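K.L.:
My questions will all concern the structure given below.
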């Protein structure tokens, strides 16, 4: 238990150090194979279907972006559902919209006539729409048909009026209402509205009034002004509005806004001049979610990142490190990758290491060193660490520079990127020794050298007038003094009482002196054997250790009457609940039995009366004339005699083999049987006797 408690203490300290550095910088990694594995697990079809058409679209869209092949069985069943929905006159606008979205991915074989009928219905819905959802589904459906059946006329003749009808639902802060009857505004609705207005612009038969587009661009800037921001630079939208549609979490609300902004930027072919830091912050937010736990959240994440990468809005570039832990002992190289949010290769660029911040310090070392690009592995490499970097925790500040000035209009680098980096190493322990000192003059009474790279088992003895001294030195692979996050000395009495002391340091030397005269009360005046254990650990120390050093035999004075007593020690759960000692059972020796011949002679004497009974029946000439002659009574009579014979046989089996409970159970069933057949037999004999007397 002592060893387990030491390991737990070591682990907790290392975890605390990791959390402290991660608070100041964050690591964002592009989409990887882990997301593909999660998509296959979260979107698993049942009987060839993903559920509703909305769920099916989210699964297919996620698979499409991640490059996952769709199963033929799924395509067949889903296309059948799409055809049924589009051909049904009772399908709602939402169902038609979801069916068209699915068809846009699967390219099902549909009749063009069905598209013409659907377009007519959707245009009527646009003219009579009174809510944002009606506009969204109707115009979204027309946009999908435009991409799937180019020969069908889906253009809107009065696009300006429709644009103004939707714009009337906007609010001054950039958010939107779902309907004119509901005064509450929503960020999620704002994304839907922007996506809908983008469709209106694309479907307009003539150019939209430019003042309307300019007003909407101003609304987008107001919407971005309300974005929330984390300390690591990630940005998100929080939707506080709750209605019949439910509360939209930051992931879905942010995804809706990104879809709307990118759709509008693509439809207008104008430069929206969006702030690059907020677009990059939104990308960091989606990547910071890592792998969501639900299928819908994964769809929102992947779809939003796809919109950021494939739209006319500036594409964010993400700087990541394949490994943030580098070993100074193995001279590892620092490698940096720069990709898009979906993991695609970025444009030609250079990466420079600008500054290095030491953990816990605001001072930074100015480096300004360019990393060498490795085209084979598509990474930027820092071949050697700067000379002022030693074992420890650091924050490296990188800067990305695009080689082609034209790419600055297309990509967002986000200025300097801070990444936490751990430089670890094997710490060398030197000049370790333990000694017993005289309390008065400090002379060495007993001294032992320690080799902390091996097992030690020193044996010391001391009394309350002496001191115990432990000292050692720590140095990094670069030859500099190392100060670990923790260094503890533990003394454990043979009764289980433990005492932990912090080992202090002065410069390069770690030393602790225990004056037993001042510790007798803390030791509860317990004399005897104390095990010595040293713990040295740090998150960047590759050879953190918890080592027993040996023991010291202490001779302390007797405890006064009012001295504190040692606390009760916890019960060893293994001794209480662990396996018990095996119990060996000794059975009583069987009693001595009589000889076999005597037993057989006794059996013959027991059976002799039975044979005598049979012989008597023959001598007396028993009258069997009353035995029933009719079939049914004769059958019951035979069964009655067989039942009596069965009872006798049961008694014999009880004597030789059966136990009492089994015998009684069988006897109960036989008794019921005998009662039934015996009653029928005796009733028949009684009726025959009555007839003879009456005759």
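Each Cβ is built from the backbone N, Cα and C atoms, and glycine gets one as well.
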K.L.:
State the residue range annotated as transmembrane segment by TrEMBL; the candidates are 563-585, 632-654.
P.N.:
632-654
K.L.:
Transmembrane segment per TrEMBL sits at which of 660-677, 678-695?
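P.N.:
It is 660-677 that TrEMBL describes as transmembrane segment.
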K.L.:
According to DSSP, how is the domain 'Ribophorin II second' (317-423) divided among helix, strand and coil residues?
P.N.:
5 helix, 60 strand, 42 coil
K.L.:
Summarise the model's confidence over the domain 'Ribophorin II second' (317-423) as a mean pLDDT value.
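P.N.:
Averaging the confidence scores along the domain 'Ribophorin II second' (317-423) gives 91.
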K.L.:
For the domain 'Ribophorin II C-terminal' (587-687), jot down how many residues DSSP puts in helix, in strand and in coil.
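P.N.:
Tallied per class, the domain 'Ribophorin II C-terminal' (587-687) gives 78 helix, 0 strand, 23 coil.
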